[in-house]
Amino acid sequence: MPAQPQISANFRLDLAQEPSTQLDLKEFQRELAEKIRKFASIDDIRMLLVCGASADEEITLGLRPLHYACHADYFEAAKLLLVRGAKVDSINAGGYTPMHMCAERGNYRLIKLLLDYSARVCFVVETENQFPIRDSVDEPLRMAIRRGHFGCARLLLENGADPNARYFDGPEICHVPPTETQFLTLLLTAGADPNVFDRDGLTPLMKACRMKEKGLKAIQILLDHGADINAIARPKQDLKTALHYAVLSGSTDLVQLLVENGASTQMPADYDRATPLDLAVLTDNPEMVNILLGAGANPNAMHSLVGSPLHFACSRTPISQRAEIIEILLKHGADVNLSKRYEDGAILKSPLVEYFRQREETDFRIVKLFFSYGGQMVMRSPARDPRGQLRNLIRLFAAHPKLFESIIELGEQFDRNALERLPIPDTIKEHLMKRTTNPRSLMQIARSNLRSSIPRFSPDSVARLPLPSTLKNYLLGVSVSR
């Protein structure tokens, strides 16, 4: 009679008999799983295998002994199972292989062991779909990165993991937060494409720009690896660029970094959204406006129905530093008389007209700025001339009578027919009507001619004229009072 095997006293099964039924095998497999889970000695596990347990038979839901060993990070048990014939790429009911379990749990030594047995590390299925719905679980690489296991992720990439694996929400690199610069560098070094878009229509660079100063390091890493600084987001993101997002973040350091690295402040001619400069105005950031203009932004570009950046500054949007922003725009060449007629017949009125039309309260600093940078007070209907101020006169007459007089003094091209229909007191109307018949004074004519003939009329251009300061102020039209 053969000798009985010597095993530990707490063994729950009679191992003297070979398993004769499937039920016996299941019991052996459950016992094997329990031994592995509780880190029983290798001798106990080896004896269990000798007495009938299988190194590769299913325990439950597709889980095999090697799954248990990898989940428990039991290196010696995993090695024994592989020696005894465990399949290194066996898949459980949830789609996990032993490699998936090791990657998710950061079991570096076990990953190396599995690789020694030619374990598969890449499960990407080739597809034309940019955002595929996967039938299986995530890649081992994705699991390692998500759990922060840097060494495991690097080992997987060194052994064939795909740095550009695609998921329903976007490629691999799009899943890495911009603050995780170590993983970002790892993927880019391994060949990840820095110019891919996620399902929301953003590139990694755009996502980093939304992080304010926290994204600065990621931005530099992405740029160093060839990220397109002028890529345009998908339509669902309103076709913004990285510079748009940098401006919206409010970080001047971030905007400066992008500009220094070649970010374009100009948008294509057919672009029909707000520009970075428009957004800088709307976000009430004079410093940002100054940076963008200094980097070549066009203060007279009109890419939206609102108009130019100066139109944005004159809108009803609450802007606490409106005067400062308007002055910066004007100093950089913004045209206070800029207007546009659209193909459908709509008319974009000049910023000066829009300012008076949109405001319940008038800031006299801004009015003086407009006048001193060549603002034209055309006394016509805005339907006839986009610079026309006649409709604004009614409100200005009631709210700011002295300003009303100053505007009349600077007035030109008085439209008699339109004035007759204007609902203002007869005494004022008569005063205005005289402007249509009486010739202007020589000083008024000289001022009008000089204001229209000097290129880029501004305080600086007037300061260079050989005129007394009183005449310079008259020419600038800054004698506006409350």
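Cβ coordinates come from backbone N, Cα and C, glycine included.
Note that TrEMBL annotation is computational and uncurated.
Going by TrEMBL, these are the annotated features:
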REPEAT    61-93  repeat 'ANK'
REPEAT    94-121  repeat 'ANK'
REPEAT    136-168  repeat 'ANK'
REPEAT    200-234  repeat 'ANK'
REPEAT    238-270  repeat 'ANK'
REPEAT    272-304  repeat 'ANK'
REPEAT    308-341  repeat 'ANK'
DOMAIN    427-481  domain 'SOCS box'
Quick test of the contact rule: Cβ under 8 Å, at least six residues beyond the ends. What residues does that give for the repeat 'ANK' (94-121)?
61-62, 66-67, 69-71, 73, 75, 78-79, 82, 88, 135-137, 140-141, 143-144, 147-149, 151-153, 155-156, 159-161
With DSSP, how much of the repeat 'ANK' (61-93) is helix, how much strand and how much coil, in residues?
17 helix, 1 strand, 15 coil
Restricting attention to the repeat 'ANK' (272-304), give the mean pLDDT.
96
When the repeat 'ANK' (238-270) is classified with DSSP, how many of its residues are helical, how many are strand and how many are coil?
17 helix, 1 strand, 15 coil
Go through the chain and flag residues at least 6 beyond the ends of the repeat 'ANK' (61-93) whose CB is under 8 A from any CB in it; none is fine as an answer.
29, 32-33, 36-37, 39, 42, 45-46, 49, 53-55, 99, 101-102, 105, 107, 109-110, 113-114, 117-120
Helix, strand and coil totals (DSSP H, G, I; E, B; other) for the domain 'SOCS box' (427-481):
36 helix, 0 strand, 19 coil
